[in-house]
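Engineer: Features from TrEMBL:
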COMPBIAS  A:23-37  compositional bias 'Low complexity'
COMPBIAS  A:38-48  compositional bias 'Polar residues'
COMPBIAS  A:612-632  compositional bias 'Polar residues'
REGION    A:1-48  region 'Disordered'
REGION    A:611-638  region 'Disordered'
REPEAT    A:313-347  repeat 'WD'
REPEAT    A:360-400  repeat 'WD'
REPEAT    A:404-436  repeat 'WD'
REPEAT    A:543-569  repeat 'WD'
REPEAT    A:575-604  repeat 'WD'
Amino acid sequence: MRIPESDQESAHSVSLDSAPQAGPSSLGLDGPGPSNGHTNGNGFTLPSTNGFTNGAGVVGNGVQKHGKSVAKVSLLGTALYADGSYVDREEFVRLVIQSLRDVGYIESAATLEAESGYTMEAPEVSQFRQYILEASWSDAEDALTRLGVTDSDGLWVCYHLCIGSVPYVFRYQEAKFFIGQQKYLELLEAGKTTLALQVLRNELAPLNVAQDQLHFLSGLMMCSDPTDLRQRAEWDGASGTSRRELLTVLQRYVPASIMIPQRRFSTLLQQAQSHQRQQCVYHNSPLDSKAFSLYEDHQCDKDVFPGTTTAILDVHVNEVWNIEWSHDGSYLASASKDKTAIIWRIDDPSIRDYTAKFVLRDHSFPVGCLAWSLDDSILLTGADNEIRMWNTKTGVCTLVLDSQHGHQETVAALSWLPDGSGFISGGLDRRIILWDAEGNFKDSWGETAIRVTDLAITPDLTRVVAVGIHYLYDLATKQTELSFPLEGELSSVKISRDSRYALVNRTQNEIYLYDLHSGRLARKFAGQRQGKHVIRSCFGGIDGNFVVSGSEDGNVYVWQCDTGILLETLPGHGEGSVNSVAWNPTNERMFATCSDDHTIRIWEAPLRESGSRVTNRSSSNGKGKTRQQSNGDGVDFDSAFGAWVDG
Amino acid sequence: MGMVYRIYLEGERIYGCANCKTHLATIHSMMSRAFNGQHGRAYLFETVVNIIEGEPIDREMTTGKHTVRDISCCKCRTVLGWKYDRAFEPLQQYKEGKYILERNLLVDVQ
Ligand SMILES: [Zn+2]
């Protein structure tokens, strides 16, 4: 807010009284010192460096503290810069003052207020904030009117007669209701039921707003204890963040120019970051100071995209159909047409001597699906209609699941429940079966309308999304919530981390991204080939920014998830299809692919260390071999690998 | 190759492999019941699924010389019959591209 000239002294005294002593007293400069002032275009002397004029007795338009005063600088116009930019100087300065205060630069904030002539907010506002945080409810209600939240002829009525489409007359009542509600909940929490009831009857009810909420609040009287209350009210109590949250709610009723929303500058900077993030096509770095500097626009380096093969795992003797990373990202499990599954150890990126830790051999049919338990101690494998449980520490098969209750046809998908309490399997016999963590049959969905080819559980445990031949099906607590009839066969489904999107491959060269909330198709990804085979895709990168898919043309395809733009077509695998892809869950710069060429490839950013050459050696334990290489010295990968494909 | 699931047929009557119940053909694609195989009665089908075709060989049949391939179940590999690649007798050429499944090796499945 702008302070009229005549009010300036009092406004300053208010803001400075609440602040510690202004002035860099520790500097102790006593004389005129170096010439640290300069003259700006307006002909004012701007004290710099120390920021204060030395010597006592300088009293004028400025603030005086410890004998040092700050002169108000008068500037022309209202813009921050005079070049036609639309950033309002007063708004900018007030946000800076707010930020300075937030981090504790109280003196600097006071100095800026003095020098600019702007105050962050009127004393009434900070007082109001204080009332809420200290639970001085009646003071807070009184203060509301002083802040212009009113339904009678109040101070600033004409200034903000209405905000949005809500007539102002209701606003005071509503704001009061929120304050009363907090008061009521805190009384209930403290066990003062009688007082709480009084608030409900005498303060909340007469406001005549939000009848449903009133009903809900009175129901909370029945809560057995404070914990129960907090849970049912979804409210974290007097000692939690609830008062701050109340302030955020009340903010809506006070014009932002009077009570600046909390951390407003930071909010704007975060919006800038988020905008830059969306513009960053190859985005794959965390939101930290290294990747996001305020000094320059964020842009991820395309060169660090994991588009280079850094290892080839070559132990399977037939097509590799599926791969899954352990949750800790240290192991990769692969499923092959050769009737084995292999657990690969991939936990030391500096060595890249990836070995087949265990070859799991007991299946009599090709292995098609895999699932690691949440603690990675158990691996499930599915081959034809058989499900096996393996101890991943010993490589021993600990259980063949009950075939009596199990699937009659091929098990196509296995997925652990996000809470670890068990897992579900889906099969071409149209059944979805729930098993406990020990592998005991628990329940069956009965016949679904589809032959299930893949399924996934949303991380928030609200949905099972099953895809199959003829339909994509969405099952919530065994009730079909949504179903999308689609032409062709659907071969793969993955769920985004936020439980919102389902990524589905179908046998028409198409990958669909479904919005599970709206039930609509959000995006299509095109370019890869999928005709009659089971091809899988996945989300990848630090925040699911990438979509990766195998393809029948032997390439790996990578798109930007938000836009559907095809970013990379990665060659390397040999003859046949790239069947599945899996992004490392703990290393955002690594993913794996598996192919009909019998191999698995690990993809990373080009290795920077020099000296490591392309090699082809067997691991010492004889269980497996890997090929490693680096392009540190410019080895041409495609040609180097092409010769090895059938090796 | 690549990963494929076995095909599941829809219809009122589905013939499957007697050994492993893999879906093979529907009654709608049946062209004739009047054939004989090594195990007795055999059926001629327009289309058959989930089979692996062997190498072509020339074979003398009661109706003349034919180029045929053995067909076996893709899951259990039981040889179920044969496929006609070529019939040397003009009157027999309607069988080209069609399949014979032996009745005794079939079972009704759903
Ligand atoms: Zn069979």
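Backbone N, Cα and C define each Cβ position, glycine as well.
Please treat TrEMBL annotations as automatic predictions, because they have not gone through curation.
Just tell me what is around each of these and how deep it sits.
Structural biologist: Here the repeat 'WD' (A:313-347) has long-range neighbours at 354-361, 363-372, 374-376, 379, 381, 383, 390, 392, 395, 534, 536, 576, 579-587, 590, 592-602, 623-627, 644, 647, meaning same-chain residues at least 6 beyond its ends whose C-beta is under 8 angstroms from one of its own.
DSSP places the residues of the repeat 'WD' (A:360-400) in helix, strand and coil in these numbers: 0 helix, 24 strand, 17 coil.
A Cβ distance under 8 Å defines the sequence-distant neighbours of the repeat 'WD' (A:404-436), meaning residues of its chain 6+ beyond its ends; these are 368-375, 380-387, 442-461, 464, 466, 468-469, 475.
In the predicted model, the repeat 'WD' (A:543-569) shows an average pLDDT of 95.
Residues 284, 304, 306-314, 316-325, 327-330, 332, 334, 336, 344, 346, 349, 352, 354, 492, 533-542, 546, 548-556, 645-646 of the same chain sit 6 or more residues outside the repeat 'WD' (A:575-604) yet have a Cβ under 8 Å from a Cβ within it.
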